[in-house]
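S.K.: Have a look at this one before I ask anything.
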Protein chains: 2
Amino acid sequence: MAASWEAAVSDVRAAREASLAKVEPRLQGLPEGLPRNSTGLAKVVLSPRELEITENYTITQLLAALRERKLSVEEVTRAYLRRAALAQAATNCLTGLLWDEAIERARYLDSLPEPKGQLFGLPISTKEHHGMVGDNVTSSASYACWAGKQHNSNLLYDTLWDEGCVFYARTTQPQTIMHLETESNLYGLTVNPFNRDLTPGGSSGGEAAMLGMRASILGVGGDIGGSVRCPCSHVGVYGFKPTLKRISLLGQRGHMAGKEAILPTAGPMALDREALDLFMKVAISAKPWRIDPSLSMQEWTPYHFDRPLKIAVQWWDGVVRPHPPMLRAMKEVSDACKKAGMKIVEWDCEPLNHRKGWEIITSLYWPDGGKEVMGLLNSTGEPILPLTKFIIEEQPSVKDLSQAELWQRCVERDQYREAYARAWNKTAEEDGQEVDVILCPASFGAATPHRQSRYWGYTANWNLLDYPGAVFPVTVVDPSKDPVDTSYIPKTEEDKFVHDMYSPDKYVDAPVSLQLIGRRHHDEKVLAALAEIERAMGR
Amino acid sequence: MAASWEAAVSDVRAAREASLAKVEPRLQGLPEGLPRNSTGLAKVVLSPRELEITENYTITQLLAALRERKLSVEEVTRAYLRRAALAQAATNCLTGLLWDEAIERARYLDSLPEPKGQLFGLPISTKEHHGMVGDNVTSSASYACWAGKQHNSNLLYDTLWDEGCVFYARTTQPQTIMHLETESNLYGLTVNPFNRDLTPGGSSGGEAAMLGMRASILGVGGDIGGSVRCPCSHVGVYGFKPTLKRISLLGQRGHMAGKEAILPTAGPMALDREALDLFMKVAISAKPWRIDPSLSMQEWTPYHFDRPLKIAVQWWDGVVRPHPPMLRAMKEVSDACKKAGMKIVEWDCEPLNHRKGWEIITSLYWPDGGKEVMGLLNSTGEPILPLTKFIIEEQPSVKDLSQAELWQRCVERDQYREAYARAWNKTAEEDGQEVDVILCPASFGAATPHRQSRYWGYTANWNLLDYPGAVFPVTVVDPSKDPVDTSYIPKTEEDKFVHDMYSPDKYVDAPVSLQLIGRRHHDEKVLAALAEIERAMGR
């Protein structure tokens, strides 16, 4: 542990600088002042070959080219390493670049007589607190007091590694890993590649910024309240939060280890929809339950629809009205689905009381009232960031629970889940066809201006229910189509806060994404439904 | 709530007497002083027809006769009702007989033009705290303060009911439902039908006494530390504790509702092995996860071996040496398996440290240090029974945990589970064939004299691991074959306590059973292995 939190900051930043100093050739051509939208910088800084490698392949095509050895692993790795360095320069998304390690790994893979593994040669970027394959790996989980703390691999990454991937970059996460943005004392503020005045979301915001910059084709994030889905939605890429216990957490670093009332899950974040399926298939085909017995013993079994989907549209969550571009995206997609012959019904969630859901989940995020986490922060005196205060101190339900109080919250959680299950069952009553998925906003709007992500309801509700959820890009904010709805009268304080946040000029170039939710364990169905819906959208 | 615990006792006993007063014809021929072994009483008290119905059918045969209407539901029900009243007279195993309700139900089923349901007409006895189908149902869960407390049905019983069963008797459980015996202030002491000086085990000991008396063919118990397996083993019948989250707990009455670090599961207790499969199939085919989303979404998929079993034999648990008849049973069965061509290896569990496992699970049984439970008992001043003190106050690991301490115990639990999983994986190293099941004692011996069940390790270890386990009858204590092992020098205080308990004369007629354990989620495999092993035993 460093002598002070400031010393920890210096240490980790120096280490990051050292890792970036390896980049060769150095990045050249970066403008003095960075533009608001960074996504055009690659064309200035990277070589045509690097642009080709990082832009002209879907994940399936890239894997095929690697397997057929039309591309060497090393040239792919180098292109992604350089693009990652650019992403860091533009968005501050990395905790470190794994230059030497990645090139060594690439050369090893190139040296094999035959390509092997389902991910042969694929570059994968990873969230810092998950740890890493390799000796002398450290991770801080964004706590100054853990800077430089020894960490090793985890079960999930071992699997990806065994399947031939290349880890090449580790990405930022916010303080406590519990903001829907990405800022920490150790690494500073990560910004959105499409508009640096906006957040890339969080907590897997470093991954999102990498994907938005096309500096990653597949990343790994974690989600306990939206931390995969929110950042993916804010940069217009694909993300998937599986049902708990399908992907192992074994070996990840986190606070409150052993807490179980509400759990996170790792999930894929990717440029292509098929990467979500691939990630799940690879992670599960390793039968991780043979080592981590907490997991479901459940193979990955792709689902196929044999009749048109029945989709329930949740226009809003009964608490906070989404911004106009989000409502437009909802309308565009549901219209397209209807046109394609799918059944569209409304999901009336008001009787289910998402507000109560939020009260339950926030209490269960911090059953000790935040004591452990605040202790970690206070141990070095590092400043408590506003969004940390928001999610701990400003939530009325957060308190240090007695065991009996904890049980009571778990009972409430289970009752909430049961009520939702019964409501879902009821959708089959009229026509004998149960709703397949719920289509809903991925967030109340596009990426927010920094430090404004103070409403988690659109994602966290599905963590409370442990329902799998995918996000997918739909549109971008368009001032001509998305004016402020001046007629809307907010219902509550939160609603007003969110309503007042919106004006189109703040959201230039901001992607807008939607979310698809399935029942617990219906992971494969959600991804199959996403394919159907994108087909209906003409993709 | 009654005015005092004594009043509660009077109330529930009066209600029980009233329910037994309905029996018609009244039981006649019971001897003045009850014999030590009650299993011969049926021949004295019941009619030849009643004996035929309750003794000459396996569950499969009984269901067939009911379905084909060779037997009416009413006559079967009446026979079991009368035999249950006899079991109560002999062993004190009931909290109430459902005379009117069962006959009404039977007549309804007989009135149907076609038999329907997988359990059409089958009498099922049930543990009191599970609740019951019907209005005005109460349950106390053996707490004086809850005597007469309104209770309704539960998801599992709804399913059994929908499949056409007849509930006809509710059975005793011990104070706190956390003894491996069955005694409470409300209902007194339940005794073993084979030897009234011995316990029928617990906590589902009322069910066990019913089965030992053949007054039930299929009962439902619950198991968090052995409460299905221990009582079944003590009366020489079949019992099965499934992996958690396959059978729903929704609607059962228990203390510490919402606690989740260690959970109970309901499980079948039965005269026939095939009843275990049947129960699981019926319970799961209803897709209970559609209402109770905590469950695994996993169909019941019978397993078939396509090669000889590989069995690991756990002769002892490294803490307490089993009694001579148990070791003989182990040897007889493992020899039979070897002779049948199965691979037999030894399960060396000492490095896995079952003693540490016990420390973890006892802490997680009572994460509040027993506060809630003691509060329930103290609210009426009912006496705290010695085995309640044993499992709460006398366990050094039991304390009121802070949230952080709870998490630490959960981490230890998960590490224990991981170590076990890795050890199991290792069994494939030598010959590429992983061990299918562990064969081990169901308890350190046969049923103990009353109030001596102070070692749970042989069952509770598998609750900690959440491994499915079946028990099955093997032999009975035989003084000529099972002398005291005077050469054995106990290793610890517990070991000495258990060793000193044994002398063959205390255990006249006591059944001895073994236990078969599978990996988590391998429920179907355990039952398939049990069939193979019984075949090897010549059954």
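For all residues, glycine too, the Cβ spot is worked out from N, Cα and C.
Curation does not apply to TrEMBL; its annotations are automatic.
Found this in TrEMBL, in case it helps:
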- A:75-527: domain 'Amidase' (DOMAIN)
- A:K127: active site, charge relay system (ACT_SITE)
- A:I177, A:S203, A:I224, A:G225, A:G226, A:S227: substrate binding site (BINDING)
- A:S203: active site, charge relay system (ACT_SITE)
- A:S227: active site, acyl-ester intermediate (ACT_SITE)
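Can you walk me through where each of these features ends up in the structure?
M.R.: The secondary structure of A:K127 (active site, charge relay system), as reduced to three states from DSSP, is extended strand. Using a 10 Å radius centred on the Cβ of A:K127 (active site, charge relay system) and all shown protein chains, the other Cβ atoms total 28.
DSSP assigns A:S227 (substrate binding site) to coil, not to a helix or a strand.
Around A:S203 (substrate binding site), the same-chain residues at least 6 positions away in sequence with a Cβ under 8 Å from its Cβ are A:K127, A:Q173, A:P174, A:I177, A:M178, A:H179, A:L180, A:T182, A:G221, A:G222, A:S227, A:P231. Annotation note: A:S203 (substrate binding site) sits in a coil segment as assigned by DSSP.
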S.K.: Counting across all protein chains present, how many other Cβ atoms fall within 10 Å of the Cβ of A:G225 (substrate binding site)?
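M.R.: Step by step: centre on the Cβ of A:G225 (substrate binding site), count other Cβ atoms within 10 Å, giving 26.
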S.K.: Relative to the mean position of the Cβ atoms of A:I177, A:S203, A:I224, A:G225, A:G226, A:S227, the recorded substrate site, which additional same-chain residues have Cβ within 8 Å?
M.R.: A:M178, A:H179, A:L180, A:G202, A:S204, A:G222, A:D223, A:V228, A:C230, A:P264
S.K.: Tell me which of the binding-site residues A:I177, A:I224 sits in the most Cβ-dense spot, judged by other Cβ atoms within 10 Å.
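M.R.: For the binding-site residues A:I177, A:I224, the Cβ with the most other Cβ atoms within 10 Å is A:I177.
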S.K.: How many other Cβ atoms sit within 10 Å of the Cβ of A:G226 (substrate binding site)?
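M.R.: Around the Cβ of A:G226 (substrate binding site), 31 other Cβ atoms lie within 10 Å.
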S.K.: Can you give the mean pLDDT for the domain 'Amidase' (A:75-527), rounded to a whole number?
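M.R.: Result for the domain 'Amidase' (A:75-527): average pLDDT 97.
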S.K.: Among all the protein chains here, how many other CB atoms are within 10 A of the CB of A:S227 (substrate binding site)?
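M.R.: Around the Cβ of A:S227 (substrate binding site), 36 other Cβ atoms lie within 10 Å.
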S.K.: Looking only at A:I177, A:S203, A:I224, A:G225, A:G226, A:S227, the residues listed as binding substrate, what is the longest Cα to Cα distance in Å?
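M.R.: In whole numbers, the farthest two Cα atoms are 11 Å apart.
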S.K.: According to DSSP, folded down to helix, strand and coil, what is A:I177 (substrate binding site)?
M.R.: helix
